[in-house]
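In what follows, a structure is listed as structure tokens, so that the remarks can point back to it.
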Amino acid sequence: MRRSVITATGSYLPKRILTNDELSQMVDTTDEWIVARSGIKQRHIAADGELTSDLATHAAKAALEMAGLKADDIDLIVLATATPDETFPATATVVQKNLGMTGGFAFDIQAVCTGFLYALATADNFVKSGQANRALVIGAETFSRILDWEDRTTCVLFADGAGAIVLEAEDGAGTSDDRGILTSHLHSDGDKHDLLYVDGGPSSTQTTGYLRMEGREVFRHAVNNLASVVHEALDATGLTTDDIDWLVPHQANKRIIDGTGRKLKLDPEKVVLTVDKHGNTSAASVPLALDEAVRDGRVKRGDLLLLEAMGGGFTWGSALVRW
Ligand code: UT7
């Protein structure tokens with residue numbers, strides 16, 4: 001059976017760090033409130049003129065370097081973003097050009113904070129079907145550009161960043177001992193649109209719009225949806241929570257991550273947590289967290305990783321990956 005194996009990771013955070021104390025001079029908030037409610041201590045903000053494609057290109061180059069591959073070894077780029085450079089063409093095609101990739105195909109995926117899980121599942125299917133051999137899967141965002149910087153309920157939470165992985169085709173036995181993506185599960189519920197959305201767009205207002213969120217409601221749904229989609233992945237493979245070596249969750253809020261971990265009865269030591277350093281970077285957050293845990297040596301060959309995310313739409317999803 002053809003499997004898609006993650007052979008490398010990369011990430012990039014813009015240089016400018018915005019601290020909670022700086023934010024408290026911009027809106028009516030405090031470092032204590034932000035840390036207590038979200039676990040976020042700082043976030044990174046893209047420089048003027050620094051685009052989502054630039055962040056994505058840095059992360060992709062780091063992943064290619066780790067894999068020991070050249071851009072032309074890649075035949076597919078799937079880029080998850082809710083903050084594309086332009087309405088069209090796809091930001092993935094800008095990254096394709098930036099990398100100097102002369103063949104293959106590239107497109108964007110829009111599932112907001114679940115974008116990376118959607119992109120991973122999509123690329124996995126292309127690789128498994130034989131339509132691609134090596135894929136770059138990227139999550140990249142410049143959420144600072146769609147924040148209402150006067151709305152303290154949202155501007156303290158979201159920020160900018162990018163993460164990438166290389167997926168390569170490998171033969172597996174078709175069992176849960178195989179390396180690679182063992183299973184992935186995606187969901188959406190369009191009925192929850194009004195709880196998390198951007199109030200603009202090319203077809204509706206001809207403006208970019210700003211992020212609007214009913215935080216408490218999103219929170220309530222998040223813990224339940226995430227725990228259920230994690231169980232779905234385990235059930236599909238006959239594995240249990242005891243088999244999980246690392247939970248690599250969407251980095252939205254430490255309380256959501258802690259709540260999901262508790263529901264799954266997971267040892268907190270097995271949860272990769274990076275939200276304190278970069279806030280909620282939407283589609284970039286899962287590969288950012290993964291890259292940190294891979295580069296610092298926590299994730300080892302043969303480990304079982306559970307990736308999960310939840311975001312606007314609503315959308316949510318999970319993937320079980322054998323490293
Ligand atoms: O990627 C998925 C996308 N989003 C999420 O995952 C976010 C999910 N939601 C959350 O993370 C949390 O709901 C928040 C962090 C957004 C908020 O935490 P909360 O414990 O649900 O707070 P709350 O919304 O119930 O607000 C509590 C109080 C309110 O004041 P009153 O009404 O009790 O007087 C807010 O006005 O905190 C106030 N508040 C703030 N205070 C200081 C809201 N934002 C701030 C702020 N600083 N930045």
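Here, residue 1 is simply the first one shown, and the rest follow in order.
Cβ from N, Cα, C; glycine included.
Whatever TrEMBL says is automated annotation, not expert-curated.
Record note: among 41-45, 81-85, 251-255, 251-255 is the stretch given as region 'ACP-binding' by TrEMBL. Across the domain 'Beta-ketoacyl-[acyl-carrier-protein] synthase III N-terminal' (107-190), the DSSP tally of helix, strand and coil residues reads 27 helix, 34 strand, 23 coil. Rounded to a whole number, the distance between the Cα atoms of His250 (active site) and Cys113 (active site) is 7 Å.
Under 8 Å, Cβ to Cβ, and six or more positions away along its own chain, Asn280 (active site) finds Ile40, Cys113, Phe143, Leu157, Phe158, Ala159, His250, Gln251, Ala252, Asn253.
Looking just at the region 'ACP-binding' (251-255), the mean pLDDT is 96.
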